[in-house]
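Novice: Next up is a structure, given as structure tokens.
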Amino acid sequence: MNPNDLPPHPEPVVRVRGLTKAYGGRTVVDRLDLDVHAGEVLGLIGANGAGKTTTVEILQGLRRQDAGEVRVLRLDPHHDADRLRPQIGSQLQSSGLPDRLRVGEAVALFAGPHASDGGALLEQFGLAGKRRSPYAGLSGGERQRLFLVLALLNQPRLVILDELTQGLDPAARREVWSAVAQLRDAGTTVLLVTHELDEAEALCERVVAMRDGRVMDQGTPAELVARHAGEVTVRFGLTETDLTTTADALQSLNRLPGVTGVTRERGQVAVRGDRAAIAHVGAWLLGTGRPVPADLRVDVPDLESALLTLLDSDGSDASDQKGAA
Amino acid sequence: MTATDTLVPPTTDSDRAAATRPGRHPSTTRRLLGTELRLLTRDTITFTFVLAFPVISMLIIGGVFGTEPDEAFPVNPSHWYVASYFTVVIGSTGLIMLPVHMASYRERGVLRRFAASGFPRWSFALAELAIGLGAIAVAGPLLLAIAAPVYGIPDIEDPLRVVAGVVAGSVAFISIGVLLGSVLPSARAAQSVGLMLFFPSFLLGVGGPPPAVMSEPLREVAERLPLALATDAIREPWLGIGDGTGPLIAISVVAVVATALAARRTALS
């Protein structure tokens with residue numbers, strides 16, 4: 001993707017150029033370029049060890065880079081940490097609160113001079129009834145929602161969420177997703193670090209895929225899926241009465257717009273193509289005048305398929321993705 | 001949380017300024033100190049150790065040697081131990097309570113959360129300094145209050161020097177505690193190291209046998225232990241068995257060095 005294709009934005013909230021960080025000789029972030037624009041939810045995705053968490057720790061000034069330029073809200077995260085950190089709301093991976101600290105006390109502790117109404121935030125995130133509950137007594141989902149409240153408390157200009165739903169059960173994940181969706185809808189700038197690709201697909205307007213500390217590709221989830229996840233496949237069975245016309249049918253399907261190939265195996269037809277092919281195959285089935293096959297199935301590749309393809313690639317195209325993410 | 005809820009996007013400086021609360025907002029350090037004081041009262045196990053161990057030990061050992069001075073004790077042995085055990089409070093606060101508390105916060109990512117939220121680098125250490133002084137201020141008088149009806153409280157011969165010894169000893173051991181808490185990686189490590197430092201110091205320098213009955217090599221070691229220096233700086237002017245100048249200077253040097261090292265090492269990470 002050419003960086004010039006990105007919508008013009010004079011002042012990204014986060015601007016990273018050539019960021020490099022190594023631990024004990026092992027490079028974990030390798031000449032990374034990254035832009036996060038105001039009002040967007042950007043997902044930083046990749047497998048464990050891709051360098052995502054190190055990157056966001058450097059953005060918050062919790063670690064110092066070995067090389068490269070980092071600007072967050074036009075400030076240097078290391079030298080301007082005291083000015084920058086109050087403007088960032090963050091949910092850190094592997095961090096907690098004292099066991100005996102109560103929810104209401106946590107809000108009071110973290111509320112700076114610019115804090116919004118903590119009570120309203122607790123109400124909004126379903127924690128109003130937990131004000132007197134100690135941190136140790138909260139469920140996993142409640143803890144993450146409390147971290148979201150704390151991250152938003154001081155009206156941050158950038159919210160960083162690192163592995164927000166790690167270890168949560170499906171119901172708790174949905175609760176947290178709903179909270180992040182609220183941020184997105186309100187226009188808050190969010191940098192979401194995750195290796196849960198369904199999460200990135202559901203919440204992020206743009207994603208940056210990392211491997212070995214480098215950007216493999218970037219774009220909207222749909223763009224990454226289109227580029228890397230392979231084709232859509234529509235499958236359905238043909239009854240024996242169709243056998244005489246099977247050859248004609250396959251030829252007809254093969255000529256449909258968006259279709260790239262048709263195969264038949266053990267009575268099952270598989271039509272491959274782009275997303276438009278789904279509609280055309282559907283129209284073709286209706287046009288036959290016969291009932292819609294009961295075993296009709298559509299396999300649409302998702303972001304996970306795209307990332308797996310990217311991870312399986314040799315990485316030679318990573319250097320082509322040097323444009324700012 | 002409902003689907004109709006919306007969040008106000010906090011995006012501009014004017015938004016932030018508009019939301020500023022009227023009046024003075026308590027500083028981060030003050031908020032942290034208030035929170036830590038509340039949490040200290042809920043951490044019953046640790047606080048009980050700091051409060052109860054010196055009291056129970058003092059009650060036991062204070063009655064072992066009677067009340068008459070002899071070759072081993074230049075003064076009433078009970079009074080010797082009452083004056084001595086004041087520094088057990090200081091030692092247990094600095095060598096056990098603070099390191100375990102700080103290392104536990106680091107291990108669980110609490111300090112990183114403070115750092116990411118813009119808490120000043122010094123804030124937690126300053127809060128712990130105040131917590132340590134507070135613990136000593138509560139536990140010390142409590143020990144004397146319990147000793148009073150049992151053994152009596154010995155007259156303080158030179159109050160100014162005793163106060164100087166208490167302050168220097170407290171600052172020294174709180175700084176040592178903050179330093180240990182800053183460098184030890186886990187609560188378990190802090191507990192192990194703290195206990196290994198505390199009990200030899202306690203037995204040789206404070207609450208064990210008097211120096212007069214120790215062998216020469218053991219006495220040489222005991223006299224140089226920081227907790228023994230703090231004890232001598234307090235006990236000698238308290239009981240009138242010396243002016244405690246040498247130990248006071250020595251523990252003051254320890255306090256300055258430990259404070260400098262703790263200040264250099266302290267970080268919210």
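Glycine is no exception: its Cβ is also placed from the backbone N, Cα and C atoms.
According to TrEMBL, the feature compositional bias 'Polar residues' maps to B:1-12. Residues or ranges marked as domain 'ABC-2 type transporter transmembrane' by TrEMBL: B:32-235. Taken from TrEMBL, the feature region 'Disordered' covers B:1-27. Summarising the annotation, TrEMBL assigns transmembrane segment to B:45-66, B:78-101, B:122-148, B:160-181, B:193-212, B:245-263.
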Novice: Which stretch, B:78-101, B:122-148, B:193-212, tops the Cβ pairs under 8 Å count with the transmembrane segment (B:245-263)?
Specialist: B:122-148
Novice: Grab the same-chain neighbours of the transmembrane segment (B:160-181) for me: Cβ-Cβ under 8 Å, and only residues 6 or more beyond its ends, written as numbers and ranges.
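Specialist: Contacts of the transmembrane segment (B:160-181) (Cβ under 8 Å, skipping residues fewer than 6 from its ends): 86-87, 90-91, 93-95, 97-103, 106, 125, 128-129, 132-133, 136, 140, 190, 193-194, 226-227, 229-231, 233-234, 237-238, 243-244, 247-248, 251-252, 254-255, 258-259, 261-262, 265-266.
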Novice: Cβ under 8 Å, sequence separation of at least 6 from the ends of the transmembrane segment (B:193-212): give me the contacting residues as numbers and ranges.
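Specialist: Sequence-remote neighbours of the transmembrane segment (B:193-212) are 57-58, 61, 71-73, 77, 80-81, 84-85, 87-88, 91-92, 95-96, 99-100, 180, 184, 218-219, 221-223, 225-229, 231.
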Novice: Who are the chain neighbours of the transmembrane segment (B:122-148) in space, where the CB to CB distance is under 8 Å and they lie at least 6 residues beyond its ends?
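Specialist: Result: 28-29, 32-33, 36-37, 40, 47, 50-51, 54-55, 58-59, 62, 82, 85-86, 89-90, 93-94, 97-98, 101-102, 105, 111, 114, 166, 170, 173-175, 177-178, 181-182, 262-263, 266, 268.
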